[in-house]
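Under the heading active site, proton acceptor, TrEMBL lists ASP109. The annotation ATP binding site is assigned in TrEMBL to ASP6, VAL7, GLY8, ASN9, THR10, ASN11, ILE12, VAL13, THR132. The substrate binding site annotation in TrEMBL covers GLY107, ALA108, ASP109, ARG110, THR184. Annotation source TrEMBL lists K(+) binding site at ASP129.
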Amino acid sequence: MLLAIDVGNTNIVCGLFDGTVLRDSWRLTTDRGKTADEYSVFIRSLFQFSDVQLGDVESVILASVVPPLTPIMRRLVDRMFHLRPLVVSTALNTNITWEVESPSEMGADRIADCVGGYMKYGGPCIIIDLGTATTFNFVSADGRYLGGSIAPGLLNSSESLFTKTAKLPRIELERPATSLGIDTITQMQVGVVWGVVFMVDGMVQRIRQDTGCPDARVILTGGLSGVVVPGLQTKCVHDPNLTLDGLRILFELNRGGTE
C-alpha cells in the first residue's frame, strides 16, 4: 500500500491507498515542536485503530509546506517503515508545465492539487483549496499552469478578528442562512464565511474572463471547503480528498523515485 503524507500549516493529513482506493485517512494537528518519535506514537495508534500493519506500507510520498517538519517526517518514515519517501516538488514528473517565474516556490500541496485536478477532471480547470490559506490555481486544457492567487484562509480570518480586537469573540466556522447577522457572532460568521463564498464566486468569474475560458471546470477541496460549497452560485466539483489523490497520482507518475 501507499502512504501519502500532506504536512500543512494547520494539519498533517495521512492517506493510505490500496491501489487507487483510499482505504483510510487521518488528520493530525501540526506541531512544529514534536519529534519524529512523538509523531510516530500517534501514527502507530491510528494504524492499530484501523487494523493496518506497518509492514503493509510499501511506499511513501511526502508533501510538506512546513520546512522544519520535512526532515522530521523523513526520519519518521525511515524509522517506522524503513523506506525513503518520494518528496513532492516541481522537479518531479507532474504532467504539468509550470509557466511561472519560480516553479521551485510552488507549495507541495498546490502541486498535488493541480496534478489531482488536471489528471482526474481535465483542463481547463480552476482548483481552489480552502485550508490555512485559500489558494486558487489555473491549469489549461493542454496542462499548463498559468498562475493563481493566495488569500487568507477562513480560520486565519476568524482568528485575526478574535486576537486583534478587544471585544470580538472566537467563533465557530458556520455559514449563516442569510447575509445579515442578528448578533455579533452571526455577523462575524457572515463576514468571514460569506465573504469567502463571494470571493470564490468573484474570483472564478474573473479567472475565466482573464484566461478566456468561460467554461473552465471549478474544483474545490481543503479541510474547510464543506463550509463554503453550499453557498456558492458557481457550479463546482467538491473533492475533499483531491490533495491525497494528487499525491497518489504523483507517485504513479514517478514510481521508483525518491529524494
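Using the three backbone atoms N, Cα and C, a Cβ is placed for every residue, glycine included.
The two recorded residues, ARG110 (substrate binding site) and the residue listed as 'K(+) binding site', show a Cα separation of 8 Å. Here THR10 (ATP binding site) is positioned 26 angstrom away from THR184 (substrate binding site), judged by their C-alpha atoms. According to DSSP, the residue listed as 'K(+) binding site' sits within a strand segment.
Cβ contacts within 10 Å of THR184 (substrate binding site), excluding its own Cβ and spanning all protein chains shown: 12. Proximity to ASP6 (ATP binding site), judged by a C-alpha distance within 10 Å, picks out ASP109 from the recorded positions GLY107, ASP109, ASP129. Ranking the binding-site residues THR10, THR132 by how many other Cβ atoms lie within 10 angstroms of each Cβ puts THR10 at the bottom.
Spatially, by CA atoms, the binding-site residues GLY8, THR10, ILE12, ASP129, THR132 include one closest to ALA108 (substrate binding site), and that is GLY8.
Following the DSSP three-state reduction, the secondary structure of THR184 (substrate binding site) is helix.
Cβ neighbour counts within 10 Å, taken over all protein chains shown, single out ASP129 as the most crowded of the binding-site residues ASP6, ASP129. Around ILE12 (ATP binding site), taking its Cβ as the centre, 23 other Cβ atoms fall within 10 Å, counting all chains. Counting other CB atoms no more than 10 Å from each candidate's CB, the binding-site residues GLY8, GLY107 peak at GLY8. Considering only the binding-site residues GLY8, THR10, ILE12, ASP129, THR132, the residues lying within 10 A of ASP109 (active site, proton acceptor) on a C-alpha to C-alpha basis are GLY8, ASP129. Taking only the Cα positions, the spacing between ILE12 (ATP binding site) and the residue listed as 'K(+) binding site' is 15 angstrom. When the binding-site residues GLY8, THR10, ASP129 are compared by Cα distance to GLY107 (substrate binding site), the shortest distance belongs to GLY8.
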